[in-house]
Amino acid sequence: MLAGSDPYQYQPGFGNHFSSEALEGALPVGQNTPQVCPYGLYAEQLSGTAFTVGRSGNQRSWLYRIRPSAVHRPFEPYSRGAHGVVGTFDAAASVATPTQIRWLPFPIPDGADVDFVDGMRTIGGAGDTALKNGLAVHIYTATTSMGRRAFCNSDGDLLIVPQQGRLAITTEFGPIMAAPNEIVVIQRGMRFSVALPDGPSRGYILEVFDGHFELPDLGPIGANGLANPRDFQTPTASYEFTSDEWEIVNKYQGELFSARQDHSPFDVVAWHGNYAPYKYDLACFAAINSVSFDHVDPSIFTVLTCKSAHPGTAVADFVIFPPRYEVQQRTFRPPYFHRNCMSEFMGLIHGEYEAKKGGFLPGGASLHSMMTPHGPDARTVELATSRELVPGRVADGTQAFMFESMFQLRLTRWAAEHTQRDHSYYKAWEAIPATFDPTRKVQ
Ligand SMILES: [Fe+2]
């Protein structure tokens with residue numbers, strides 16, 4: 001990187017074998033582990049899959065750094081703050097409920113210094129990090145930057161959805177700036193530190209305990225559409241060479257641990273490989289839907305999927321409901337009523353979701369669990385059944401999203417008992433009338 005140039009330089013593509021060097025010639029030529037690396041750097045591999053995973057699915061990167069990341073003092077239990085991140089969801093610590101659940105916006109602490117790590121709270125999840133099976137959904141609310149603290153999640157990959165405030169993320173692979181309406185994926189084991197250029201910030205996090213996110217197959221859609229690979233952005237190498245004291249906070253088996261070291265974790269001068277963080281602007285999503293009548297299932301809005309071992313079934317899908325045209329004729333256009341064999345957690349980045357005319361607000365959330373009935377609220381139904389079906393825009397100025405999972409989620413007590421939980425949510429459907437008339441057959 002040249003002095004004075006934009007520090008945020010990205011490499012386009014998804015799952016590529018990227019390579020980047022902040023100093024010319026820092027990447028070894030023709031081999032990964034020379035006896036002595038250029039500039040006296042140390043070679044370190046970060047493995048995102050087992051060594052023996054087949055070539056098409058194997059993920060790893062080689063990092064060339066000033067000091068190995070092994071150079072740190074022992075990890076100790078994290079003592080700062082009352083952190084609310086968990087990695088197991090047993091009956092003693094969490095709550096199962098099949099009811100429809102909604103939360104009003106999660107408040108950002110007022111007057112307190114809370115960074116990204118201390119501001120992370122688990123809403124719910126399923127499975128167990130130790131068995132690499134399941135997922136967790138978190139929310140973060142933060143007011144201050146992490147400074148010389150780095151976070152590392154040993155439990156799974158994090159898909160971060162900023163809702164308020166940009167995140168200036170320093171990673172071992174280089175810096176990433178993520179604004180609301182962009183997402184960032186930081187995979188298992190990568191160290192990163194979050195600064196808040198816009199002050200108080202809030203967002204959502206989807207964590208998967210096994211596997212990695214990938215682009216969904218397109219089937220009959222063909223080679224183009226939905227999230228296109230070229231729009232994903234991976235950072236370029238950038239390093240700092242200091243002897244400052246740093247704290248590494250490590251989430252391991254759902255618990256936080258802290259270690260200190262006398263050098264920056266962001267000392268990677270060059271790297272290459274296909275295991276690297278990335279960001280994606282949701283505005284780049286090429287939406288597809290019916291142009292005649294009826295609905296295509298919402299899977300058509302899948303941005304990324306983390307596949308399970310069951311074909312066609314996901315540990316978690318990340319799905320969006322972007323601004324688009326709706327043109328279907330003789331069709332009830334809002335999202336249809338349904339009960340799903342998957343769990344649906346929804347959040348709202350900005351705007352007003354087309355199926356809910358109030359109560360589902362930016363920074364809030366809803367959870368429709370497995371087989372929990374849900375759909376458009378009473379007002380949406382009334383409008384949708386009486387309007388003229390001309391082609392029109394939907395969701396302009398709005399970005400809602402869904403974490404959809406094959407697992408049954410349990411709520412943490414923090415989320416189940418939160419003061420922002422909207423216990424009147426069931427009323428969203430209460431006013432839907434019975435319009436059945438056995439003497440009036442009209443379609
Ligand atoms: Fe749904």
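Each Cβ is built from the backbone N, Cα and C atoms, and glycine gets one as well.
The model shown is predicted, which means the values in this text are computed figures rather than measured ones.
Among the features that TrEMBL reports, active site, proton acceptor is placed at HIS295. Around HIS295 (active site, proton acceptor), the same-chain residues at least 6 positions away in sequence with a Cβ under 8 Å from its Cβ are ASN289, GLN328, THR331, PRO335, TYR336.
Taken residue by residue with DSSP, HIS374 (Fe cation binding site) is part of a strand. Per TrEMBL, Fe cation binding site is recorded for HIS338, GLU344, HIS374.
Sequence annotations record features per position, and here TrEMBL assigns homogentisate binding site to TYR353, HIS374.
Residues or ranges marked as domain 'Homogentisate 1,2-dioxygenase N-terminal' in TrEMBL: 9-282.
Sequence annotations record features per position, and here TrEMBL assigns domain 'Homogentisate 1,2-dioxygenase C-terminal' to 285-435.
Only GLU344, of the recorded positions HIS295, GLU344, TYR353, place a Cβ under 6 Å from an atom of ligand 1. Between the CA atoms of HIS374 (Fe cation binding site) and TYR353 (homogentisate binding site) there is a gap of 14 Å. Cα of GLU344 (Fe cation binding site) to Cα of TYR353 (homogentisate binding site): a span of 15 Å. For HIS338 (Fe cation binding site) paired with TYR353 (homogentisate binding site), the C-alpha to C-alpha distance reads 17 Å. Annotation for TYR353 (homogentisate binding site): spatial neighbours PHE321, MET346, PHE360, ALA395, THR398, ALA400, criterion Cβ-Cβ under 8 Å with sequence separation of six or more.
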